Amino acid sequence: MRLFSKKRQQPQRVLPRHIGIIMDGNGRWAQKRGLPRSAGHTAGAANFKTITRYCSAIGIEYLTVYAFSTENWKRPKDEVGALIVLFKQYLEEALRDFLDDDIKVRFIGDTTAFPEELQTLIAETVEVSKNRTGMVLNLAMNYGGRAEIVGAVRQISQDTKDGKLAPEEITEETISAALSTAGQPDPDLIIRPSGEHRISNFLLWQSAYSEYVIMDILWPDFKPRDLEAAIDEYSHRKRRFGGV
Ligand code: FPP
């Protein structure tokens with residue numbers, strides 16, 4: 001069903017509550033310009049700030065961005081190092097300049113694998129922003145959907161072993177509550193720029209009924225108007241959640 005406003009017969013914009021973004025294409029963006037891949041990540045990080053602010057400004061309640069996957073450790077050491085520097089710079093800037101912000105920053109993934117200095121910044125950012133009431137920003141760092149599900153299974157098995165939970169009491173809700181996004185709505189819309197048609201281990205459980213929008217734009221070039229185009233596309237989709 002398309003939603004049309006009575007006045008102008010224009011499709012009505014349906015705002016997703018939770019958007020996920022796979023920030024892909026930094027490397028190709030740099031290659032096209034004859035630059036090192038790290039330059040693509042620098043441009044990608046700048047764009048991440050622009051899009052995050054835009055999402056918050058238009059009233060998105062939850063934004064989850066894929067910044068570093070459990071598989072990204074396989075990349076050359078200097079590229080991983082450059083990404084870690086960018087994460088540090090962003091968090092230092094957030095702690096210094098964005099203190100009046102309303103964005104609540106959370107991290108999903110195993111951040112204990114990162115250098116201690118970055119872990120400290122992560123903890124400080126979570127602490128400083130924990131009582132904010134605006135958009136929740138989930139930064140997926142050293143995140144993998146499969147690893148997250150393994151963690152949930154381990155926790156639930158332990159609870160069962162300890163007699164806190166009977167096997168027949170395990171439900172979809174039990175599993176959702178054991179994930180790093182516990183208490184948050186599942187993503188309504190997942191955007192993948194750069195034209196790749198892959199899930200890449202992103203929010204595997206949570207995306208069961210998400211609408212995917214794949215766009216042929218490299219992440220550093222992805223503008224607020226492209227986000228609006230994705231929201232527009234989402235607005236036209238008929239979500240059936242397995243029904244008719
Ligand atoms: C995928 O593009 C992108 C990444 C693995 C890193 C994403 C990280 C950022 C955008 C920086 C985020 C910064 C902060 C501060 C959160 P790719 O390198 O795989 O691109 P390619 O497919 O063109 O090679």
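In case you wondered, yes, glycine gets a Cβ from its N, Cα and C as well.
If you check TrEMBL, you get these features:
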ACT_SITE  ASP24  active site
ACT_SITE  ASN72  active site, proton acceptor
BINDING   ASP24, GLU211  Mg(2+) binding site
BINDING   25-29, ARG37, HIS41, 69-71, TRP73, ARG75, ARG192, 198-200  substrate binding site
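The structure, with features from TrEMBL marked on it.
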residue: ASP24; record: active site; contacts (Cβ under 8 Å, 6+ apart): ARG192, PRO193, SER194, GLU196, SER200, LEU218, TRP219
residue: GLY25; record: substrate binding site; contacts (Cβ under 8 Å, 6+ apart): GLY40, GLY44, PRO193, SER194, GLY195, ILE217, LEU218, TRP219, PRO220, ASP221
residue: GLY27; record: substrate binding site; contacts (Cβ under 8 Å, 6+ apart): ARG37, GLY40
residue: TRP29; record: substrate binding site; contacts (Cβ under 8 Å, 6+ apart): GLY40, ALA43, GLY44, LEU218, TRP219, PRO220, ASP221
residue: HIS41; record: substrate binding site; contacts (Cβ under 8 Å, 6+ apart): ASN26, ALA30, GLU79, ALA82, LEU83, LEU86
residue: ASN72; record: active site, proton acceptor; contacts (Cβ under 8 Å, 6+ apart): VAL80, LEU83, ASN142
residue: TRP73; record: substrate binding site; contacts (Cβ under 8 Å, 6+ apart): VAL80, ALA113, ASN142
residue: ILE199; record: substrate binding site; contacts (Cβ under 8 Å, 6+ apart): GLY145, SER207
residue: GLU211; record: Mg(2+) binding site; contacts (Cβ under 8 Å, 6+ apart): PRO16, ASP188, LEU189, ILE190, TYR234, ARG237, ARG239
So if I measure Cβ to Cβ from THR70 (substrate binding site) and keep only same-chain residues at least 6 apart in sequence, which ones fall under 8 Å?
GLY109, ASP110, ASN142, TYR143, GLY144, ARG146, ALA147, ASN201
Please check each of the recorded positions GLY25, GLY27, HIS41, ASN72, ARG192 and report the ones with a CB atom less than 6 Å from an atom of ligand 1, ordered along the sequence.
GLY25, GLY27, HIS41, ASN72
Other than its own, how many Cβ atoms are within 10 Å of the Cβ belonging to ARG192 (substrate binding site)?
24
GLU211 (Mg(2+) binding site): secondary structure state under DSSP, collapsed to three categories:
strand
